[in-house]
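Participant: Have a look at this one before I ask anything.
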Number of protein chains: 2
Amino acid sequence: MELQFLGTGAGMPSKMRNTSAVILNLSAEGEGYWLFDCGEATQHQLLHTPLKPRKIAKIFITHLHGDHIFGLPGLLGSRSFLGGNERLEIYGPSGLKEWLETTLRITTTHLNYELLIQEVGEGIIVEDDKFKVIAKNLQHGIPCLGYRIEQKPLPGKLLIDKVNEAGVPKGPLLKELKDGSDVTLPDGRLIFSKDVTGEPQEGFTVTILGDTSYCNAAVELALDADLLVHEATFDMDTDNLAKEYGHSTIGDAARTASEAGAKKLIANHISARFMPSDVAKLKEQGEAIFPTLHIAEDFSRFVWIDGQVKNLNAEKPS
Amino acid sequence: MELQFLGTGAGMPSKMRNTSAVILNLSAEGEGYWLFDCGEATQHQLLHTPLKPRKIAKIFITHLHGDHIFGLPGLLGSRSFLGGNERLEIYGPSGLKEWLETTLRITTTHLNYELLIQEVGEGIIVEDDKFKVIAKNLQHGIPCLGYRIEQKPLPGKLLIDKVNEAGVPKGPLLKELKDGSDVTLPDGRLIFSKDVTGEPQEGFTVTILGDTSYCNAAVELALDADLLVHEATFDMDTDNLAKEYGHSTIGDAARTASEAGAKKLIANHISARFMPSDVAKLKEQGEAIFPTLHIAEDFSRFVWIDGQVKNLNAEKPS
Ligand SMILES: [Zn+2]
Ligand SMILES: [Zn+2]
């Protein structure tokens, strides 16, 4: 799992930060890329990364404000033009389907792939053998979702000593045991997977929220998460504005991470009002409440290694 | 008059060229900016110029392909957010109104200014005391307009010798004479404007076309124009593709400029297939037919000085 931020600004693009988009790269887990929100010029940001639009398999939209969706039609078209022919699933609040269908129709955009647009509310909105995605309503004036992505426990490692001891022949039976199935050997003996594999490994949980004031739903979505991505449109001196506009301060984000027992917090959706020195102050304010905090920059990358989220320094785009 | 290209690419953004947008800056003529087409990330391109979104007074859309309009909703929102409160007029083909209204409604975008969306066909679509804009249908598979912008003749210069001779007192009467009105002096004498002013100065004509194959309408729109902006999606070796997709080669653009008797041609809508060396070849192919030709780059600027269009070198964006 890798997480790469493509846009970390609020409301409008600036030279420093584009509008919202973050890619959860699940290629290693066999799921392709999952994109969360798609502000205008997200496809332009992708041009400065090695990421390929055609590998985007799912898109999750938190809410229908322009700074979170205006890049979607262009990206859908380019994904097709650049060779994408595998089905794309888009999840988001009610209204998304009407807007996308109207847009594709009026611009006569032809897609060389199947497009599934699924308007969703609270609940489990995606589940397969490897992942579960849970959505909850946040607090932002218009319907706005937060997403909790849970990787299911991974089968334990095959214990070579044990399979040799049991006399399991090399080949497909080993893979079945590794994948959790019990097998019958050619000589009739039944071998239980649990006897020849180690403990199942816990999967990761990543929580990616849309714009929101502090709310219980955010804490619930982030419960024990390895990583929480939370907006911080305001600093703690402008708490009143945050509440008024349905946004969070860096303090709200840190408090949510802390109450949820999350392991790491990445704050994004940073207003262009904040100069680089203000961002340092923002970080300090947050760290006083929740120490394992990063402020996302455009192109910041985070990876999941040995059960931990590690920060790869933001690379300057080429 | 200044013309600045914001996007000169075709179909999709690349690192070198954004999708279509060009600003006709008529600030000196008292008309603000007129924007022609608005591909995705046009507002991002503006961030790298001194141009201000709130000064955009009119937007002309040639056709409803995504690479010509996907930047529109974001720009409309940002224009409002950045202090724009004067009325904005948008002209374009049928379907534009439904798309924009659907988009603004679903994204709950609030604009602090009056928005007039006018779906237009062929004819005079804008006329005031200084300018006339004429539209014609081009040939591009879907309805696609070309625009001819004619500046009306400017009143001749006030001839100081003549007004002194006639004994016109300094003050508002001079301005009236300059603006073409005849006036009565305090002593009862009638002074005719034409007797104290020089010849009316001819205005400029700029023709900005949407995507098109070679067609008569393009030639008619460009007749005797000081400047023709014409697409050149293909080179002369791929003539068959140009026709098939409703586009032009650099040869078609040059031929149109030549047949119309235009004074200068700027080719834009250049495919990302063309590397810088290919672009040089493109230029050669065009110049063989029509010598006063420029290939537009993103941020290229052209100004109208002393009755001529001059090319200011493209400035690297900051
Ligand atoms: Zn937002
Ligand atoms: Zn085009």
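Note: Cβ is positioned from N, Cα and C throughout, glycine not excepted.
So TrEMBL lists the following for this protein:
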ACT_SITE  B:Asp67  active site, proton acceptor
BINDING   B:His63, B:His65, B:His140, B:Asp211  Zn(2+) 1 binding site
BINDING   B:Asp67, B:His68, B:Asp211, B:His269  Zn(2+) 2 binding site
Participant: Cβ within less than 8 Å of a chain A Cβ is the test here; which of the binding-site residues B:His63, B:His65, B:His68, B:His140, B:Asp211, B:His269 meet it?
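Facilitator: The binding-site residues close to chain A are B:His65.
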Participant: Beyond the listed site residues B:His63, B:His65, B:His140, B:Asp211, identify every same-chain residue whose Cβ lies within 8 Å of the center of their Cβ atoms for the Zn(2+) 1 site.
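Facilitator: In sequence order, the nearby non-listed residues are B:Thr62, B:Leu64, B:His68, B:Leu138, B:Gly141, B:Ile142, B:Cys144, B:Gly210, B:Thr212, B:Gly246.
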Participant: Near ligand 2, which of the binding-site residues show up if the criterion is a Cβ under 6 Å from one of its atoms? Options: B:His63, B:His140, B:Asp211.
Facilitator: B:Asp211
Participant: Check each residue in the chain of B:His140 (Zn(2+) 1 binding site) that is at least six apart in sequence and keep those whose C-beta is under 8 Å from its C-beta; list them in sequence order.
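Facilitator: B:His140 (Zn(2+) 1 binding site) has long-range Cβ partners B:His63, B:Gly210, B:Asp211, B:Thr212, B:Ser213, B:Gly246, B:His247.
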Participant: I'm trying to understand the geometry here, so how far is the Cα atom of B:His65 (Zn(2+) 1 binding site) from the Cα atom of B:His269 (Zn(2+) 2 binding site), in Å to the nearest whole number?
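Facilitator: That separation, Cα to Cα, works out to 13 Å.
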Participant: In whole Å, note down how far the CA of B:His269 (Zn(2+) 2 binding site) lies from the CA of B:Asp67 (active site, proton acceptor).
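Facilitator: Roughly 10 Å, rounded to the nearest whole number.
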Participant: To test your reading of the Zn(2+) 2 site: which residues beyond B:Asp67, B:His68, B:Asp211, B:His269, same chain only, put their Cβ within 8 Å of the Cβ centroid of those residues?
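Facilitator: Nearby residues not in the site list: B:Ala10, B:Gly11, B:Thr19, B:Ser20, B:Asp37, B:Gly39, B:Thr62, B:His63, B:His65, B:Gly210, B:Glu231.
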